[in-house]
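A short worksheet on the structure shown next.
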Amino acid sequence: MRVAVTGTPGTGKTTATETLDYAVVHLNDVIREEGLHDGEDPDRASLYADFEALEEWLAANASADDETVVVESHLAHHFDADRVVVLRCHPESLESRLRERGETEEKARENDASTKSPQALTRYARENAEAEALDVILGEAVQRHGLESVYEIDTTDRTPEAVAEELRAVLADEREPSAGDVDFTGYL
Ligand SMILES: Nc1ncnc2c1ncn2[C@@H]1O[C@H](COP(=O)(O)OP(=O)(O)O)[C@@H](O)[C@H]1O
């Protein structure tokens, strides 16, 4: 079984999947390490993913006929999956998480070309908060996979361990699909 864990950047996908006892593919690392992209967006310090190459890579490395494999990325819902988990976070909290993460990365890397400038970080955090308020990824996930395959988890006031527990419940088939329970439109 292949389980996609998706959600707007900052919703906590990487953090929550790190503690799972399943094979986890961090797709954004694969894109960078395997060079499965068509270059960089210079304004955003992010890569243009090559979807066809990723599809092939996943077929070869995450086919999951017998075992369960988790594919984690804000792009994970664009590929085949048996279940799709969409992590959510209130846009205001999301904006703070992304700013803090960006500032920590900046301190760690100093002048690395892949670090966002303060202006780019502000814009990145705001754009993602707006996308989260508009349910962009949830909408894409439901459109591609159908309501019966989508599981929404609100991470806003949950610890990473509590989010991982919810993920385990989905993986163990102990949760019903759910979509549209959270409503962040008040942010807009
Ligand atoms: N449940 C949570 N509550 C509060 N902060 C979190 C939670 N999960 C992750 N974070 C923090 O938010 C930031 C984004 O998390 P990360 O796992 O990198 O998100 P994603 O992989 O979805 O982009 C990180 O700095 C992380 O430490």
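Cβ coordinates are placed from backbone N, Cα and C, and glycine is handled just like the others.
Just so you know, TrEMBL annotations never went through curation; they're auto-generated.
Annotation comment: TrEMBL describes GLY10, GLY12, LYS13, THR14, THR15, ARG101 as ATP binding site. Around GLY12 (ATP binding site), the same-chain residues six or more apart in sequence whose CB sits under 8 Å from its CB are LEU87, CYS89, ARG97, THR155, PRO160, VAL163, listed in sequence order.
The compositional bias 'Basic and acidic residues' annotation in TrEMBL covers 97-113.
Annotation comment: TrEMBL describes 97-119 as region 'Disordered'.
Per TrEMBL, the feature region 'LID' maps to 100-110. Within the same chain, residues 10, 116, 121, 124-125 sit at least 6 positions outside the region 'LID' (100-110) and bring their C-beta atoms closer than 8 Å to a C-beta of that stretch.
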**Request:** Note down the number of other Cβ atoms within 10 Å of the Cβ of THR15 (ATP binding site), including every protein chain shown.
**Result:** 17
**Message:** Across the region 'LID' (100-110), what does the mean pLDDT come to, as a whole number?
**Reply:** 84
**Message:** With an 8 Å cut-off on Cβ distance to the GLY10, GLY12, LYS13, THR14, THR15, ARG101 Cβ center, who else from the chain surrounds the ATP site?
**Reply:** PRO9, THR11, ALA16, ARG97
